[in-house]
């Protein structure tokens, strides 16, 4: 495994991904419609950068005026594709299979989802899928599941506008920091029907992750990984 790792890294060096569209009630809202997509599919590697919130420099991110209405308590699906021009949904159309790591989703309540930068405090985690007991990673489930990343919008949050930050972290080069590859985009939501019964604790981006976190700096090749701690806070529950 130690011998093969450099070959894996070299072959996967340019294999990236983008959260390109959002599906609500079985309807895809359209490429870049209500999702801030970059023109390039490369990762963010600096967890202290403002770009760790909703992507950004060195990537150019397009704005969108659409705010997608979502019913609290329902599931939405982030659709991941290798490039904006990718039309298929085979594993290779999503992300290289070497890109093993967690899938994560956060929400942040904002006054205006179309203009809020996402940088700073207010984020709370609503989904995570790390490595299961059989050694299969969250990214593998998305890659082999046609790029579909299912996320439940909690029923107990207050109604209003939110940013939805969907993320996949690739750990194939994470034995040193920087090395982990963070892929994230933000969707713009108007959440309706929430009860507001609970107020989540929040974290900041940048700030929620550290380069020394065990879920950020880790060798997934050798020694064999037997457990994995997803970075960031615990998942908010109602």
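Each Cβ is built from the backbone N, Cα and C atoms, and glycine gets one as well.
The structure displayed is predicted, hence computed values, not measured ones.
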- Where does the N-linked glycosylation site label fall among 55, 75, going by Swiss-Prot? 75
- Out of 75, 181, which of the recorded positions is least crowded by other Cβ atoms within 10 Å? 75
- Message: If you measure from the CA of residue 54 (disulfide bond) out to 10 Å, which binding-site residues from the list 16, 45, 172, 181 are inside that radius?
- Response: none
- Rounded Cα-Cα span from residue 99 (Cu(2+) binding site) to residue 181 (O2 binding site), Å: 9
- Item | Spatial neighbours of residue 183 (Cu(2+) binding site) among the recorded positions 45, 75, 172 [C-alpha, 10 Å] | 45
- Query: Taking 16, 99, 172 as the binding-site residues to compare, which has the smallest set of other Cβ atoms within 10 Å?
  - Reply: 16
- Query: How far apart, in Å, are the two Cα atoms that lie farthest from each other among 45, 172, 181, the residues recorded as binding O2?
  - Reply: 13
